[in-house]
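Data first, discussion second: the structure below is written as structure tokens.
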Amino acid sequence: MRKQALILVCIVVFGVVGSCHGGSLKKGYYDNTCPDAEAIIKNATEKRVANDPTLPARFLRMHFHDCFVRGCDGSVLLNSTTNNTAEKDAIPNLTLAGFDVIDDIKAEVEKECPNVVSCADVLALAARDAVSFKFQKALWNVLTGRRDGTVSQASEALANLPSLFSNFSTLVQKFANKGLNVQDLVVLSGGHTIGVGHCNTFSNRLYNFTGNGDQDPSLNATYATFLKTQCKSLSDNTTFVAMDPSSGLTFDNNYYVTLKQNKGLFQSDAALITNEISRIIVDELLVSEVFFREFALSMVKMGAIGVLTGNEGEIRKKCSVVN
């Protein structure tokens, strides 16, 4: 179904992801240096998710936005300084949330093992553990050993992050730039089954699609009518709606059902059914077991993008500032 030979050799035979994406991540990297690290992160994450069901979507998106800019190096967690506007203050990242929770989880790990576990790994593990919480089992493997980057620039976020307004060919290129293929694009877009979208990221489809005050003809008309009751104008940048209209807090494969109904919220969602190959993948992912299997594989690939390992980067003491 997908050409996974290289990544599977890396994981299954060697227990690491190395030559695939330029690092050497492995299962249980902290077993000797901080044996309880993953348990501490899991417990801390689950405690917070139990009180805030929006965190799975927030952490998953934050991890994605981290990996697409400079690789999975925790650069999205860094604060801006007097002389530098960091990634988190770039326009596509202004709606990211949960940074304070990641800081708190990192602090719990630091108490047990100072200067050992990277913020990049904390985020990768917290994203997995948050999404997995309702299932009471890990939905994908997280290989560890990432180091933290020391550079974070808003301009790089703008240049590297796929836009919600992108067409299919642009999305394919953005993913290919990170070593991900069309299968990964369609599968990882399924993360939109949880979380919300702000009106200003899709209201052009309701009110001004081609600049003539028109509606996007590819958007389900009934759904568009509903969206207009929530987003009353192009200028509304505070109202938000569930990205998956029928199960916005449930991680499942319903996203692909909505795509088939022309209810993809963003142009980047709708783009996935404008190409024959991606339409075939969408149809395959309508089978729940296929989606969960493929999502797990694509998350391992994404989590290995451009990682810093060995002596590269640093282990930040606090996720929001370099040491």
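Glycine is no exception: its Cβ is also placed from the backbone N, Cα and C atoms.
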TrEMBL annotation: Cys113 disulfide-bonded to which of Cys20, Cys34, Cys199?
Cys34
Need the cross-check against TrEMBL: the disulphide partner of Cys319, picked from Cys119, Cys199, Cys231.
Cys119
At 10 angstroms around each C-beta, which of the binding-site residues Asp244, Asp252 has the fewest other C-beta atoms nearby?
Asp252
Cα-Cα, whole number of Å: Cys231 (disulfide bond) versus Arg61 (site 'Transition state stabilizer')?
23
Work out how many Å separate Cys119 (disulfide bond) and Cys72 (disulfide bond) at their Cα atoms, rounded off.
10
What Cα-Cα separation, expressed in whole Å, is found between Arg61 (site 'Transition state stabilizer') and His192 (heme b binding site)?
9
Among Cys113, Cys119, Cys199, the one of these disulfide-bonded residues whose Cβ has the fewest neighbouring Cβ atoms within 10 Å:
Cys113
Write out, in the order they occur in the sequence, the residues of the chain not among Thr193, Asp244, Asp252 that have a C-beta within 8 Å of the mean position of the C-beta atoms of the recorded Ca(2+) 2 site.
Gly190, His192, Ile194, Ser246, Ser247, Gly248, Thr250, Phe251, Asn253, Asn254, Tyr255, Thr258
